[in-house]
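I have placed the structure first, in the form of structure tokens, so that the comments after it can refer back to it.
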Amino acid sequence: MVEKVVAQIVRSAPSTSEKTLIVLEAALEHARFSEVVAATGFPKATVHRLISTLVDRQFVTIDAHGNYLPGPSILAMAGRALERIDISSIAQPFVDHLVDTIHCTVHMGAISGDSVIYILRKDSDKPYQMPSRVGLSVPLHTTGIGKAILATYDDETVERMLKRAGMVQLTDATITNVQDFRRELEDVRRRGTARDRGENVPGIACIAAPVHDHTGVVRYGLSISTLSIEHSDEQVEAMSGSLLASAAAISEALGYRGPHPEPAPSPLLQGATP
């Protein structure tokens, strides 16, 4: 990350403020002085001077082993910034773009206890609307978003949550057996996306992807919903690339900097003619 920033400004001499920010970012990513020097490409004297300033201002602290750690000042700033984050506002532009691309309803949901709560919904230009609303709470095991989130948990935690909440049957397609659901999550982990084939509402097909917060934890999910009679399984699967790209963009907008799942080959599409 720091190397990219340095490369972007290498064409012109960075100002003192730019150097300070670059050194700060490097100190938060690299624990040792030599690593910060290597990451920034600045002279040792410059790095030492700026690090000293950051330590004095409590943006960086140094532990007993000489490692750099985030200081009280930057932690306080981060806390205030997080308190002001409006997830829906951040995600809205990406959701709008996805709807314009695939012409289907898009939801974003957040885990809340043993349920998913829709925090964002955008309908397409189709003459129908999905039977959902912002603020609606739905069981984790019946939705694509719920599966996308639960797939990041270990099996023991998932089983405990399912038993606590109860695997209520909403439709004939709802999975109500823990072992069957565990196998479903194995498929989600392999593919990177989750499916809801009429398990929450009859006749509604959904494909969902995980959304990471700034810590890397999956607290949200993004989904595309359509009518089963309008889009075949193959057509829904074909939307996974756009879905994953949008989910990754939202995750990055929330501060996530880790890897993202890649779309896996669909068994439904194997052997299909391009």
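Each residue, glycine too, has its Cβ placed from N, Cα and C.
Annotation source TrEMBL lists domain 'HTH iclR-type' at 14-72. Residues annotated as domain 'IclR-ED' in TrEMBL: 73-256. Under the heading region 'Disordered', TrEMBL lists 255-274.
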**Q.** Number of helical, extended and coil residues in the domain 'HTH iclR-type' (14-72), per DSSP
**A.** 36 helix, 6 strand, 17 coil
Q: Over the domain 'IclR-ED' (73-256), work out the mean pLDDT and round it to an integer.
A: 92
